[in-house]
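Chemist: Feature table excerpt (Swiss-Prot):
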type	residues	note
BINDING	GLY74	Ca(2+) binding site
COMPBIAS	277-286	compositional bias 'Basic and acidic residues'
REGION	256-295	region 'Disordered'
TOPO_DOM	1-18	topological domain 'Lumenal'
TOPO_DOM	40-51	topological domain 'Cytoplasmic'
TOPO_DOM	73-85	topological domain 'Lumenal'
TOPO_DOM	107-144	topological domain 'Cytoplasmic'
TOPO_DOM	166-178	topological domain 'Lumenal'
TOPO_DOM	200-209	topological domain 'Cytoplasmic'
TOPO_DOM	231-234	topological domain 'Lumenal'
TOPO_DOM	256-295	topological domain 'Cytoplasmic'
TRANSMEM	19-39	transmembrane segment
TRANSMEM	52-72	transmembrane segment
TRANSMEM	86-106	transmembrane segment
TRANSMEM	145-165	transmembrane segment
TRANSMEM	179-199	transmembrane segment
TRANSMEM	210-230	transmembrane segment
TRANSMEM	235-255	transmembrane segment
Amino acid sequence: MELLSALSLGELALSFSRVPLFPVFDLSYFIVSILYLKYEPGAVELSRRHPVASWLCAMLHCFGSYILADLLLGEPLIDYFSNNSSILLASAVWYLIFFCPLDLFYKCVCFLPVKLIFVAMKEVVRVRKIAVGIHHAHHHYHHGWFIMIATGWVKGSGVALLSNVEQLLRGVWKPETNEILHMSFPTKASLYGAILFTLQQTRWLPVSKASLIFIFTMFMVSCKVFLTATHSHSSPFDVLEAYVCPVLFGTGSGGDHPQDNHGAWPGGPPSGALATKSKEELSEGSRKKKTKKAD
């Protein structure tokens with residue numbers, strides 16, 4: 001805290017945490033979320049043939065984190081849909097991205113410098129949602145650390161965690177794309193951020209919430225803008241995980257097990273090959289015996 005005061009970041013962080021998200025930041029969040037929906041294979045054809053299904057997918061991209069958080073806390077799943085302003089704004093963005101003449105709106109928001117601004121503003125919303133989700137969970141479960149972490153995590157990455165449900169709405173089933181099995185950078189960052197905000201909420205992290213929001217937002221904005229600008233799908237956590245995971249969890253490689261062939265010795269032929277070889281040897285022995293009898 002002394003360092004933050006010396007750098008005069010305390011007042012800046014407090015002012016930043018009080019900036020309202022609606023409508024500018026929420027608009028950016030909706031634009032980027034529905035852009036990612038349009039990138040999905042078959043999304044454009046779905047919007048032409050089944051516009052209601054396409055709209056539902058867009059709403060899930062925009063509000064999936066709220067739905068999943070309400071599910072965890074036992075609250076009505078459609079509670080957030082009572083916010084008419086947000087629903088209408090997200091619906092307008094969906095219509096412009098998919099149905100604007102000549103794709104003018106889509107081309108404008110996809111222009112890289114403009115898109116980077118929207119991506120940065122979306123990360124501001126993501127971090128604020130994590131902080132609000134943990135505060136909400138703390139109100140119900142004062143000592144439920146894991147509940148607070150889970151709620152903050154889904155508030156930050158609920159859309160990705162519900163990707164399989166969204167795929168079903170589009171008539172696609174890809175269980176191998178489960179986000180928990182293959183976490184993207186935003187999902188991992190939301191989890192780590194949820195842990196940090198939980199420690200701050202329970203007073204184990206000696207920093208104000210406004211300062212933590214500001215610092216973590218700057219980290220998320222910098223990383224996501226860089227990854228988007230370079231069209232990279234890697235994660236800044238990969239280097240750290242490459243050192244930590246083998247120590248804590250082992251190599252995690254399925255090919256390192258010595259008995260992957262159900263009991264066969266490593267380096268030896270598979271059991272099917274051994275069985276085939278044995279049959280060939282028996283057949284050869286029988287043939288030799290018959291030859292001797294004939295002689």
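Glycine too: its Cβ is placed from the backbone N, Cα and C atoms.
Help me picture these features in the structure, burial and contacts included.
Modeler: Annotation for GLY74 (Ca(2+) binding site): no same-chain Cβ neighbours under 8 Å separated by at least 6 residues are found.
Remote same-chain residues near the topological domain 'Cytoplasmic' (40-51) are listed as 57, 98-99, 170-172 (criterion: CB distance under 8 Å, separation of at least six residues from the stretch ends).
Looking only at the topological domain 'Lumenal' (73-85), the predicted model's pLDDT averages out at 92.
Counting residues 6+ beyond its ends, the topological domain 'Cytoplasmic' (107-144) has Cβ neighbours under 8 Å at 17, 21, 24-26, 28-29, 31-33, 35, 65, 69, 73, 97, 150-156, 186, 190, 193-194, 197-198, 201-202, 209, 212-213, 216-217, 220-221, 224-225, 228-229 in the same chain.
For the topological domain 'Lumenal' (166-178), same-chain residues at least 6 beyond its ends with a Cβ under 8 Å from one of its own Cβ atoms are 40, 42-43, 46, 53, 56-57, 60-61, 64, 159.
Taking DSSP states H, G and I as helix and E and B as strand, the topological domain 'Cytoplasmic' (200-209) has 3 helix, 0 strand, 7 coil.
Residue counts for the topological domain 'Lumenal' (231-234) under DSSP (helix as H, G, I; strand as E, B; rest coil) come to 0 helix, 0 strand, 4 coil.
Note on the transmembrane segment (52-72): residues 29-30, 33-34, 36-37, 43, 46, 78-81, 86-87, 90-91, 93-94, 98, 129, 133, 136, 147, 150-151, 154-159, 161-162, 165-166, 169-171 of its chain, located 6 or more positions outside it, place their CB under 8 angstroms from a CB of the stretch.
Under 8 Å from some Cβ of the transmembrane segment (145-165) lie the Cβ atoms of residues 33, 60-62, 64-69, 72-73, 126-127, 129-134, 136-138, 173-175, 177-180, 184, 186-187, 189-191, 193-195, 197-198, 201-202, all in the same chain and six or more residues away from its ends.
Packing against the transmembrane segment (179-199) from elsewhere in the chain are residues 126-127, 130-131, 133-134, 145, 148-153, 155-157, 160-161, 163, 205, 209, 212, 216, 219-220, 223-224, 227, 233-237: each is 6 or more residues past its ends and has a CB under 8 Å from a CB in it.
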Chemist: For the transmembrane segment (86-106) against the transmembrane segment (19-39), do we get 3 or more Cβ-Cβ pairs below 8 Å once near-sequence pairs (under 6 apart) are dropped?
Modeler: yes
Chemist: Which bits of the chain, at least 6 residues beyond where the topological domain 'Lumenal' (231-234) starts or stops, bring a Cβ under 8 A of a Cβ in it?
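Modeler: For the topological domain 'Lumenal' (231-234), the sequence-distant neighbours (Cβ-Cβ under 8 Å, at least 6 residues beyond its ends) are 184-185.
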Chemist: Which sequence-distant residues neighbour the transmembrane segment (19-39)? Criterion: at least 6 residues beyond either end, Cβ under 8 Å.
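Modeler: Beyond its ends, the transmembrane segment (19-39) has Cβ neighbours at 57-58, 61-62, 85-86, 89-90, 93-94, 97-98, 106, 109-110, 115, 117-119, 121-122, 124-126, 128, 159.
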